[in-house]
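Asker: Please read through the structure below; I'll follow up with questions.
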Amino acid sequence: MVARSRKRRAAPQDIYPTCKIAGNCPADIQNKFENKTIADKILQYGSLGVFFGGLGISSAGGSGGRLGYTPLSGGGGRVIAAAPVRPPITTESVGPLDIVPEVADPGGPTLVSLHELPAETPYVSSTNVTGDGAAEPLPAGHGGSQISDVTSGTSGTVSRTHINNPVFEAPMTGDQDVSDVHVFAHSESSITINQTENTGGELIEMVPLRHPPRSEGDFRETSFSTSTPIPDRSALRSINVASRRYQQVQVENPAFLNRPRELVQFENTFDNPAFVDDEQLSLLFEQDLDTVVATPDPAFQDVVRLSRPSFTQSRAGRVRVSRLGRTLTMQTRSGKAFGPAKHFYYELSSIAEGPEPDILIPESEQETSFTDATSKDTQQEAEVYADGSTLETDTSADENLTLVFSDRGRGQGSHVPIPGKSTIGGPVNIGDSKYYTLNPGETTSFEADVISPVFIFEGNADGTYYLEEPLRKKRRKSIFLLADGSVAVYAE
């Protein structure tokens, strides 16, 4: 026997409208739509003894019933709702009504009597009669007074008004003169306009602004190297470009310094002299990852942004021009593109220190001032010669010379005569003065190998003079302190 397959019936909401008309609805479907199930009957019979409608259960608004919700921990008490406070009404002081003054006397007569006022006579201060002197005849009239208007022949008062409008200024071109307009108004309602040419004033010619002249060596040192310095530090200085985050790329093409755009993309354009592209700013490039585009320099492949240049110094001491580059090499399904960051740099030639200039200074003796013995008032500077320039010259310029020592503190001076060639090597006489003197008049013959003693003359703080310095040896010195403050040293 073959088992019959059970067919699935339609949904209850599709069966009930049809079977209700035919009257053959299944019991379960009819009880469900007509609320006659066992659960519905329990609620219907139970609701007869218990009422839960005021608690807001089921589909009610949840207002908490007629008394509302109360705290669980609070004691039973009545909640008093605060009523709004009515604003006070401002009261004004009320007084008696104002008494209106009476215009007419109630007890007076009804008719008002009229009073005649005297005629007003015009007052004339002075009379000026003009004309030929004939009086005009008056018209004949009947009784009563006749009043005639008398007009004086005096001239009216003239007023002058000069109006300047500070808001409006007339345009001036070239050497045009400004004129003043004067308006004269008379009492006879006549206006006279007088225009006066104003030829005075000073005409200042406009000249271009000139800077004061400067000398060739007048330069002002500043702490910045550009006309508009930027106080912010460079972005590359705050970022460690030597880290592993950036790929180091050294550029050999010198166009990287002033024309970096030519290294990223080909440009079939001509140079426009009216447009100057600022290569000192950040540069942006458009790259499509779907298409592969060749670049002039393979190192700049897929570059979409180049930062502004920054000048740094490498560890080797060379000047380096750096730019940070952003590349896009990969793209996700969501459209997010990313790529490695690169550090492009171009190293300039190192600046070596220049050689120091060789300055040849001829060796010469110390300059000494000499004064001729015949003239003590005139002082002449001696010329400086090299050591070998006077070896073969026979001159007698050093005959009868005097070495002058001056005391600046006391204003005194002493003269020490220096013997000539004929007396060199002779004895030295020590006189009563404070300096050792050499008398050229006294001569004595001696052997050629005999060396004369060496005397050292020391005065004040002006300096020390050594006689026959090449022959001086280390010997014991005797120091003499004189009464005037000078020091004499004798070497044995």
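Positions of Cβ are set from backbone N, Cα and C atoms, glycine also.
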Asker: When you get a sec, could you say which of 2-10, 128-136, 353-361 is annotated motif 'Nuclear localization signal' by Swiss-Prot?
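Answerer: Among 2-10, 128-136, 353-361, the range Swiss-Prot annotates as motif 'Nuclear localization signal' is 2-10.
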Asker: Counting Cβ atoms within 10 Å across all protein chains shown, which of the disulfide-bonded residues C19, C25 comes out on top?
Answerer: C25
Asker: Using DSSP, break the motif 'Nuclear localization signal' (2-10) down into helix, strand and coil residues and give each count.
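Answerer: Computed counts for the motif 'Nuclear localization signal' (2-10) are 0 helix, 0 strand, 9 coil.
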